[in-house]
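To keep things clear, I will list the structure first and then write my remarks on it.
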Amino acid sequence: MASLSEFVSEPISMMSQTSAASESQCYYNETIAFFYNRSGKYLATEWNAVSKLVMGLGITVCIFIMLANLLVMVAIYVNRRFHFPIYYLMANLAAADFFAGLAYFYLMFNTGPNTRRLTVSTWLLRQGLIDTSLTASVANLLAIAIERHITVFRMQLHTRMSNRRVVVVIVVIWTVAIVMGAIPSVGWNCICDLEQCSNMAPLYSDSYLIFWTIFNLVTFVVMVVLYAHIFVYVRQKTMRMSRHSSGPRRNRDTMMSLLKTVVIVLGAFIVCWTPGLVLLLLDICCPQCNILAYEKFFLLLAEFNSAMNPIIYSYRDKEMSATFKQILCCQRTENVNGPTEGSDRSASSLNHTILAGVHSNDHSVV
């Protein structure tokens, strides 16, 4: 007859074996090649002409991204006409794009054959930096959309958001971005469940990619709805102004020009990032689709987006363009270093012109 100690020791032994088996299912010590080979994603062994060209182009674009967005941040800092909450948020968007440039710069030196040298931790860091930069950009664009919506519909000449609140918003944006980028590193990955591994991102779990992709796409939709609401409101006010106001047409043209600038910035972001996010969903929902053939193209498209905003500002905003030239030419003028007469009126903010037209319209109707 078995003794009591045998009955007790047998379950304990089984539990320890189960625990050991469970631990053996995690592959933290495996090479990156192990995950890539299992997912079927190609992992280069040597540099070819195309890889060198892509790396050279990528590094060049990264340097331009960082310098151009640094120029935007400096321009907003030195020109007091830009010292409004909306421009602080735009500066933070430039900071997010600057961070994206750093993330892509790190990626360029750890891609191709160099990917094989990465550990699980450094691979997750590489991807986490890109995820953080995207989340920061999305959250910042959403904050700008909400600020514009509130300001326009409350008919305020200047937003009542204090500088302290702007700082709080910026801190929240970066906190959310860092958390979203760090989630896979702290456990939401497929290292312990290889069946859930993605083909495009071999160490990421499908469930996390679904969550991350849908989160960003829903945010895109919310921003589009907010700006569409603003656009309809502005168009209605413009029509009323044209019927009842004898004010100059220049104000209305400026108003629509500023609205177009905002829409172009948002539109460029959505156009550059949506294809890549949809590709992630196809990777999960359509395993037979050859989505890996298009991965690098969409990644490059997303990278170019971080360089677009400074170009858009330079082309669409004369004040910003003039400030860029003064900085690059090392000029110091009264216009840049201090507010001039009527600088508040000339600050290129959408709601300034809207409200001028609205008040003029109300007076004419009365």
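Cβ atoms are placed via backbone N, Cα and C, with glycine included.
Membrane topology taken from Swiss-Prot puts Arg81 and Leu203 on opposing sides. Swiss-Prot records a disulfide bond between Cys190 and Cys197, which is the match among Cys192, Cys197. Of the cysteines Cys26, Cys330, only one is given by Swiss-Prot as the disulfide partner of Cys192: Cys26.
It is 26 Å from the Cα atom of Cys286 (disulfide bond) to that of Cys26 (disulfide bond). Cβ atoms under 8 Å from those of the topological domain 'Extracellular' (187-206) belong to residues 25-28, 32, 35-36, 38-41, 120, 123-124, 127, 279-280, 283-284, 287, 291-292, 295 of the same chain, restricted to positions at least 6 beyond its ends.
For the topological domain 'Extracellular' (283-296), same-chain residues at least 6 beyond its ends with a Cβ under 8 Å from one of its own Cβ atoms are 41-42, 54, 198-200, 206, 209-210.
The transmembrane segment (53-77) makes no contact with the transmembrane segment (166-186): fewer than 3 of their CB pairs lie within 8 A, with pairs spaced 6 or more apart in sequence. Here the candidates are the recorded positions Asn37, Lys41, Gly128, Leu129, Cys197. The one whose C-alpha lies nearest to that of Cys26 (disulfide bond) is Cys197.
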